[in-house]
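J.: Pasting a structure below so you can have a look.
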Amino acid sequence: MTDLPRHAPEPDDPAPVAGAGPLPRHAAPDDGRPLFREDAPAAAGEDAPAAFPASDADGAPTEAEPAPAASPEHLDATLADAVSEPTRALPPEDAAPAPVTAPAATPPATPHSPDAAAAAGRAAPSPAPSPAVIEATGFGMATHDPAFTGLDILVPAGRFAAVVGAAGTGKSTLLLALTGRMRPVTGALLVGGRDGIRHPGRVRTSTAIARLADLITPEASLTLDDCLTERTLFDAADPRAREANYLHAARLLGLDAPRGTLYKDLAPVDQTRAALALACVRPSTVIVLDDLDYDVTLDEQRALWDGVAALAADGQPVIAATTERSAVHPDAVVIDLEPEA
């Protein structure tokens, strides 16, 4: 039996046309052996030629007539026709090239930006309000003989306050309690949104004391420059920003004393100004100052209150204690420890 061709016609292949060259997918093998193919069906009344070699009278197979070999040029042309893509019509040579317009880049809209909200037809969300400087309800000392009890205090954001009362009414104690430095306390207390009852340590680290009786005060024998260094270490302030913060606060308060001046050589009103300016080396939720009216005239007290108002307007709230009600700034929130009957 003769060898079968490498690429015998598959059942689904269409019948080749009589007289046509070999199908591209069934090209003659390279080894010279003939590729058997089926000719087209015979015309009516004729027998179809056999696809395989016929036998002679003795039954021995005879050599099949080899199919004509396809020329390489014909094979290449046939393969090119089978795989080539439709030819696109080319524009005439004298035609001007069509302009190419790049699509406009559209920046992605931020979902929460005012522009995105306006584009969507919605009102832009308003920023969350700042928490109150101080918000206390039923606040007092939980001692046998409390200095104060049942206080309701609200110092809104951007405001400053005056604790007013005679000597011995608990002004200093209240300042310590409001900054998480005096316990035990009762009631509710929020300082800049922080819970002063549950987390007094967080309140302590976010607040500052400029001066409180004889407990906290600048060292009298130091120059203002030395006091600045000491306060920077005491408050763990940023050394790179301390000088700028101090000078800015001193300007708002009206302090123009040279930094080489000893603290004890300052006038009482400038000592109060210096104590406040030194407490500003680190931004705080609130700064407290005791005895604003100590050893100063009414006019000097009013000037000090003007400086406190300027600090608050600049973003640094202050709560100051005083015994002199008449000199308190009209914009101050008054916390009265001696309410009039």
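Placement of Cβ uses the backbone N, Cα and C atoms for every residue, glycine included.
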J.: Which one of 86-131, 178-223 shows up in TrEMBL as region 'Disordered'?
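T.: Spelled out, TrEMBL records region 'Disordered' over residues 86-131, not the other listed ranges.
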J.: Over the domain 'AAA+ ATPase' (157-341), what is the model's mean pLDDT?
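T.: So the average pLDDT across the domain 'AAA+ ATPase' (157-341) works out to 96.
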